[in-house]
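Quick look at what Swiss-Prot lists:
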BINDING   1346, 1427, 1428  Mg(2+) 2 binding site
BINDING   1610, 1652, 1685  Mg(2+) 3 binding site
DOMAIN    660-835  domain 'Integrase catalytic'
DOMAIN    1338-1476  domain 'Reverse transcriptase Ty1/copia-type'
REGION    1-93  region 'Disordered'
REGION    126-173  region 'Disordered'
REGION    299-401  region 'RNA-binding'
REGION    352-421  region 'Disordered'
REGION    583-640  region 'Integrase-type zinc finger-like'
REGION    956-1087  region 'Disordered'
REGION    1092-1111  region 'Disordered'
REGION    1130-1187  region 'Disordered'
MOTIF     1178-1212  motif 'Bipartite nuclear localization signal'
């Protein structure tokens, strides 16, 4: 709505120019070229004479004949006031005012401005001649007053009094912004035209039709200044006025030029966007038209690229050309010329054979030329309000016809317009009814009329959001003072008087109603097309009718002026109002179901949908009349308001029309929703939905990821389901352009099945509206269901499933049927449905004990798809079950009472509704059923291994399952359940996202050992393992065992009187989830453990200690204890936050725990199986059912969860066993050959550097006398076995230097040419790390040396020949080798013997026994790696002395002398080391990784979100046989070798935190599935993200007298294939991590304790060797320690009893470990699981735990 408000001039009356609730100003849509002087009638210079006799004063200047002039009125009659929206007023050229022209009948009192004070301002005087209309024009229009009942002025009387009636012109609006100036100029030009000044307006060429007079210039100047304030003028206008402030004509001329240019460009863009071609015109003409438009736009600076142009052209193709949309849309680089070649080909084919049909595509029905315009299309305003004006030869003044003339015209019945109407009803004037339509409502007392309004009609407005009328005559059920805010285009409020209904009665007897607002402050009665669309009525502007979506014509549309109108004759007066639904009387004698109850029962669907469903019997068991609908209209569901909050309505009508021609289940829409974050790993993160185009039947499937194979499985499932269940074949599937749909795998699958994929265009989500809206609707329902029920978020897909079942059964208001009915299925029986989250009690037919409660509290989710049962969530068991054995818990409406639904309770309604079903349940309760143990059809949510919050008030004390009193003996008060709601846990535990959550895996375990083991990684409880106990007392447990057995029989119950509930850390799967359970007292724990542990070893001794250190020998002094405690003191263990006590809910105390033997797994199946069972029962618990075990294991195969190893018994089939003729894998080559580096190298600079390196190498070879230069041998004379091929290799080093090396092909060397017993030794990495650690602690100088061409210093004993280098040009000759050339098998061993001999004899060094290439004397330690030497010494001069000796024999380079006291940087054997003596040492590989990783061609994400961990728990590798061709297999194996090779190099150097992932993935190098590659990429991505991490060492405390060498051990029991265990060890010297190892156990362990023993036994040999090395290099005493988090293992080590070892393998391993610990004086100590940093070696950990365990030693 546009309001003309002259706020800058308060003395001038305000007026309203037009009325609309759209933001479009009605006068701004005229073609800009229509305002030029060439289309305006020439100005008639004849003017009427001035009325010189009339005297005018400011008090009597109004013209009495015009009712809108403010005539003098009595004091008692106030002037009409309309606030900011006054009645319609006009502007007049009044000559009777000598002081100026009159505006709105008031005397001119325009204040003088600086412009008016200029000499160019000519105030009009009495003789001034203002423009007047010629007398032949006729009577000008005038608007009636509110008091007048006549609409038009009598023509005859007006003619007789021409001198007293003036022409009143609508003033232009005020300019309020520089951006609005172009639109404002249009209205200003129209104002000049209506003022008979059209002749002075500049034409297109900038010249007016006639010259402007001085008076006209004054008039033009004044009006421009008033309505265009200078502060709102654009800059270019101000620039013109700054030169000549009166040059208004130049401003108008430039404005018209801009309008013309913008119009041409806009027309071209509109034409291009609305192209249509079906072959009816020659293809050449169509091509010429399109190319001309594109060229014109490009020339004007609007670039249209080929992609956009092709999309626009293809969108307009129809008929035989339409298929080009689908055959060409995949060509990303398609050009317009290529597209027109296809169009020409089809056109020529049509001309040659019109009757033949193309055979290269499916021939769907041709798209109908439906020009129907929907109200919510992308251009509603252009279609509905402002269509393109038709050319009209009549002048503007033709509107002023006489009323009597129009009334004498013949008339016809306009209502006879039928569907075939194609010509618009064009009214040039409201009196010119050339179709004879009668104005039946001209006498209605409207408040306002505009001069271009068609009386008796409603203006159709596509942009208006609400319908507004000025008369209350047609408003039904009106209510006053509505709280509604309506604003116009300028965001100004429009006061609303009332709201009601506007009722229509159309010509086909259709009755409907819409909401209407009443306000007198508008110029038109507006009918909103948006509100008509809501009642299934659309406006077709090609037929000019209102019609329903099925094409039924309801009423004609009349075009008058620029707008379209519909007659008010179809409105029903308010005196025949029909009673509304609110007036329906409800009988008190009949109890009806309350609507809020039904609303919640049916998944919170809206009232209209529910009523349609009941009316059409898609919901059975009760009728529409059984529901109380009195509150349906005004009812607001709080859960719906929260869960279904949305932005705006979805745009309708976006699908292609031809889709309607498909049969049921032939055209599917699909889309993927997700991910949902912060959920357990067992819960799905995505779901994929499918919708049938014809029936609107919906399917949803859960997904854990969006990988290709996951999507392919779902597609295979649904296609098979449709084929078998509905005997239909899917032809087309519409989907978006996500990578999960556009991948090659799915494309081949669809192509193989003959299915056409239909993709949406880029960024065009509207074209995918069916699937997008379904996902949004289901998500709204999901949020609402979870909000209402209070269930945890990990059950979100159950809410989706419930909503899908219900919505498939609800009728569509449009089709009057449900999706199930369309699909030919029976309706949904609501008596079998429960509200989502309805509290129930599930029967446990097989409890642990006969005295245990038989009922388990649960929450109903949705009907089962695989049985007649119901899927119910059991929080206490953390699982869902499919069962019919449940009872509805009365009085529990979940969260329904939280919002105060008028204190409604639905117990009685629910009982009546499910009465028949209760009888069915009761009749089956006596049967022994196993359906409680049948998993849901969604196994991803079964057996959720987590500890979420216990349900708040899961059972009130009145219904406590521990109460032994029968229900019949309770009092009446006790029978009624407490009003406190039973509600599911609101959320999962906060740490659940970091936990190892998986379906439980049932494995057979040995009962004798299942409970003594405290943990696989620390244990479930803190056990009373005796600490610091003498070995001599280890047998005393036998005497106490019998006495304690009896006590334990009574300790199974968890009553508060017997148990102290305190916080005890629970080892989650993998020992990573910090939760608490009620702790049992020390004495009670000991009783239970000893009683339940007829174990492999003796039970612990009785006496306890507060220490956590268990020595192998009996400690007799305090000093020994302090020594053992000091072992842990300086280790880089994580600091754990203090645990705050947590009070557990009453239900946990009241309900006895239902125990499980479940185990969890994580990445690689790596988790703990040590679920601690507290009740010894021979009966299997609810979770131990065999059926459940089978389903749970099958779940691993169907979940598509990414992981490393599935712990299942199915034998793994690697591809290497199935693929034949895989001879070898090409080695990884990082160097260049001679031809690559020199011959064909196009990089001139690099080529020159390689040539230089080549000559340098040749010179070095000659200098070292590498071969015999005295004689050349003929090839035929030498034994071929002794001829070694040679070659030059080139590479570029990290420091930028280019190097060449002449090498022998040792890979094809004959075995007879070398001694296989010789060894080529290099320094062990542990020796280097040990030396570096000791150097830091002892302030050593570190010197780095390099011996050039080291191998060439070693003589060769064998007779070998090689071909000469290429530069010699002797290809047929051979030369004999004299030195150990690089590449020969024996060269390394020869060099080692040579340098070893020199160091011992000439340098006074000796080699450390057991550690090759480590040499020492009293002052210096040397680590040798081929030609690199690292020297360590406390005296730098000692190092220099060694260097001097080496230079006497070898070409020795000093890389880094290490003499600075500041930080020194080294590059030692790939490690980038930062060393400051006496302070710290940092080891990393940032520069190396920055250079190498990008060369691996791994899809890195350098700017995206960085990974926080190298993997995540709960992921499994699918071991199904891989189908792949041989070439692709070799390529992928080669890629895996490169990736894992680099990762191994980095991991074993210093990134010990990655060793578990590297070790697991390395086992799959020969199984390069897509999943394995993805996980390898993820590992490389993590290495890239953390390439700046360093291994941090700090100098040991100087007060420490001894060196401390510690091995920390851990094991994950049975988490590898074939139930092998993963073991890991970390080695620390003086608190610095120097090494780590992660590997799979060589034998199958049968318990957690056995796995821990195996891990410790693997660490002992290396620990002893390192101990010897440390003692050799540093003469300090050494303390050795073994740390483990398994107290049962410690108990075995300190025990002397071996009678209960169950087998000899375990026994021998344990006995050997006892001997090693005892003989090597090892201190075995206990470490808490949460602090066990070796945990990272055995399993994937959550992000939080991974960081906690590693942030102290690597960061």
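Every residue gets a Cβ built from N, Cα and C, even glycine.
Using DSSP to sort the residues of the domain 'Reverse transcriptase Ty1/copia-type' (1338-1476) gives these counts of helix, strand and coil: 35 helix, 50 strand, 54 coil. Neighbour density at the Cβ, taken as the number of other Cβ atoms within 10 Å, is lowest among the binding-site residues 1346, 1427, 1428, 1610, 1685 for 1346.
The average pLDDT computed for the domain 'Integrase catalytic' (660-835) is 87. Neighbouring residues of the recorded Mg(2+) 2 site, listed in sequence order and excluding 1346, 1427, 1428, comprise 1345, 1347, 1350, 1425, 1426, 1429, 1453, 1455 (Cβ within 8 Å of the Cβ centroid). Other Cβ atoms within 10 Å of the Cβ of residue 1652 (Mg(2+) 3 binding site) number 30 in total over all chains. Taking only the Cα positions, the spacing between residue 1346 (Mg(2+) 2 binding site) and residue 1685 (Mg(2+) 3 binding site) is 45 angstrom. With DSSP states grouped into helix (H, G, I), strand (E, B) and coil, the region 'Integrase-type zinc finger-like' (583-640) comes out at 23 helix, 6 strand, 29 coil. On a Cα basis, residue 1428 (Mg(2+) 2 binding site) lies 36 Å away from residue 1610 (Mg(2+) 3 binding site). Separating the Cα atoms of residue 1685 (Mg(2+) 3 binding site) and residue 1427 (Mg(2+) 2 binding site) is a whole-number distance of 43 Å. For the pair formed by residue 1427 (Mg(2+) 2 binding site) and residue 1652 (Mg(2+) 3 binding site), distance between Cα atoms is given as 41 Å, rounded to the nearest Å. In the three-state DSSP assignment, the secondary structure recorded for residue 1652 (Mg(2+) 3 binding site) is helix. DSSP assigns residue 1610 (Mg(2+) 3 binding site) to a strand in the three-state reduction. Of the recorded residues, residue 1428 (Mg(2+) 2 binding site) and residue 1652 (Mg(2+) 3 binding site) place their C-alpha atoms 39 Å from one another.
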